[in-house]
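Swiss-Prot has this to say about the protein:
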{"type": "DISULFID", "residues": "118-186", "note": "disulfide bond"}
{"type": "CARBOHYD", "residues": "47", "note": "N-linked glycosylation site"}
{"type": "CARBOHYD", "residues": "64", "note": "N-linked glycosylation site"}
{"type": "CARBOHYD", "residues": "136", "note": "N-linked glycosylation site"}
{"type": "CARBOHYD", "residues": "172", "note": "N-linked glycosylation site"}
{"type": "SIGNAL", "residues": "1-17", "note": "signal peptide"}
{"type": "TOPO_DOM", "residues": "18-210", "note": "topological domain 'Extracellular'"}
{"type": "TOPO_DOM", "residues": "232-238", "note": "topological domain 'Cytoplasmic'"}
{"type": "TRANSMEM", "residues": "211-231", "note": "transmembrane segment"}
């Protein structure tokens, strides 16, 4: 089942996550939460913020999720395609959970949270980048960019955690491509935003669009893998 699920998750990546940064620091934060009260009902919440300004919000059931860009980062036609892709991803994501539940009895409610982003420190210091995944309110795994490795965020040793780390650390996409997304794409975008904060025009618009698409593809590819591994194990110790 896992070998079937992982490629689907890796290829179905349309979603984004984020957290509000109200103090206006030079950073990009992304947060996404999926709340399953049972196998058939899910409520999504998410947002993206850049330098303390919300850029996107997402909320609602998978059958009628409201997705809004709060700043005109994409032209209407382009944004409509993004919305459609994201809606498709959410429906597929819910379908995967139901499929796994049919084969393995999962404990509900189930809440999955991913939080990632980059923060630019004072000049001369290294940027702080991160990706954290929590399940049912408890820290699960997180990414360490220094060695491009995932590590456990729980003191409880279990087969589920061990298996998850083995899988996440086995793929270039979930290691080196993720590090590149966080340390390069994310950081460079924030830097460009700072230098062109008061500039309006096509160059800025293209940068925004590129970053938005990067967030949609990059963040949920990794989150989907982590979530899929957890669901495939049924949330139980192996």
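Along the chain as shown, the residues are counted starting at 1.
Even glycines carry a Cβ here, placed using N, Cα and C.
Structure with Swiss-Prot features highlighted.
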{"residue": "47", "record": "N-linked glycosylation site", "Cβ neighbours (10 Å)": "22"}
{"residue": "64", "record": "N-linked glycosylation site", "Cβ neighbours (10 Å)": "7"}
{"residue": "118", "record": "disulfide bond", "Cβ neighbours (10 Å)": "25"}
{"residue": "136", "record": "N-linked glycosylation site", "Cβ neighbours (10 Å)": "13"}
{"residue": "172", "record": "N-linked glycosylation site", "Cβ neighbours (10 Å)": "9"}
{"residue": "186", "record": "disulfide bond", "Cβ neighbours (10 Å)": "26"}
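Of all the glycosylation sites in the record (47, 64, 172), the one with the smallest CA separation from residue 118 (disulfide bond) is 47.
Nearest in space to residue 136 (N-linked glycosylation site), taking C-alpha to C-alpha distance over the recorded positions 47, 64, 172, 186, is 47.
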